[in-house]
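So the structure is just underneath, and the comments pick up after that.
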Amino acid sequence: MPFLELTLRCTEATQPRYENALEDVGALAVTLLDAEADTSNEQAILEPGVGETPLWDTLVLSALFPADSNALLLLAALEAFDPELDWSGGSFRAVEDEDWERAWLDQFQPMDFGSRTWIVPWNHELPEAAQAADAAVVRLDPGLAFGSGTHPTTALCLRWLDQLAVDGLLQGQRVLDFGCGSGILALAALKLGAAEAIGVDNDPQALVATADNAERNGEQARMHVYLPQDEPVATYPVVVANILASALDALAELLAARVAAGGRIALSGILHGQEGELLQRYAPWFDDLQATQDGDWMRITGVRRA
């Protein structure tokens, strides 16, 4: 089934009005994307809190209409519905159903991280390399955005876990994923040989997503999820926290206390330029602190002092 697609730019403040107008004139679907994606101004949208729908400052809004819709009449109807909005920057084009589906799926291709780790959407066949006997494959819903491996902070943490496995530091260990989101990091650790993973997040939605992904990957028996206030007090040989720099600063003492003596920690969700203060913040507890960069994002790793 073909469609007529209207694409335009808007701000977070005007997005509800644009979307309301589009739906009123018969849009079949409306998709929101970061207008600054793949640029230095790209914004990370982390797992939302309950009842929250965080958006980017500037968005690309794409609406699909039936193929026989008249673009000029649609534009006139939109201008009549909300004449205060600027509709002049919108552009129309005809798209085939298979083109739309392919464009969506192309955003979520199988991805490899390091020597063994693969993140593969459910709708894709396993690449040949991911079928190797020692491949660590995590299957995720392609509808996931942040926490699907596509963001540099997630990729930095996945590569770190992969290297721990290569170095023999992950097998049979317990792993804490603090700020687990979709559970992608904890699941990767399990697939790489960890014995057990604990996922902690302050968002109940994230815990549901993590538990669901664990079950779909056959890891429900080894994955346990908790709200922060319910997390058992324990230490772990491996701790990973992919959250915001401000949270990493505020939680430094707590996270340090969760790492066993000689254990490893990885911190991400850190923009380039923020790593200096965090390196100093964690220095009282960790040796061999290192910062690794991927584009505009950083990862800090260290070894817990005995």
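Along the chain as shown, the residues are counted starting at 1.
Each residue, glycine too, has its Cβ placed from N, Cα and C.
Note that the structure is predicted; figures quoted are calculated from it, not measured.
Some features that Swiss-Prot has for this protein:
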BINDING   T154, G179, D201, N242  S-adenosyl-L-methionine binding site
**Other C-beta atoms that fall within 10 angstroms of the C-beta of D201 (S-adenosyl-L-methionine binding site)** = 25
**Item:** Site extent for S-adenosyl-L-methionine, whole Å (max Cα pair distance, T154, G179, D201, N242)
**Value:** 16
**Complete:** In three-state DSSP terms, N242 (S-adenosyl-L-methionine binding site) is classed as strand
**Prompt:** Counting across all protein chains shown, how many other Cβ atoms sit within 10 Å of the Cβ of G179 (S-adenosyl-L-methionine binding site)?
**Reply:** 25
**Complete:** Filtered by Cβ under 8 Å and at least 6 apart in sequence, the residues in the chain of N242 (S-adenosyl-L-methionine binding site) near it are T153, T154, C157, G179, G181, L185, L267, S268, G269
**Prompt:** Including all protein chains shown, what's the count of other C-beta atoms within 10 A of the C-beta of T154 (S-adenosyl-L-methionine binding site)?
**Reply:** 26
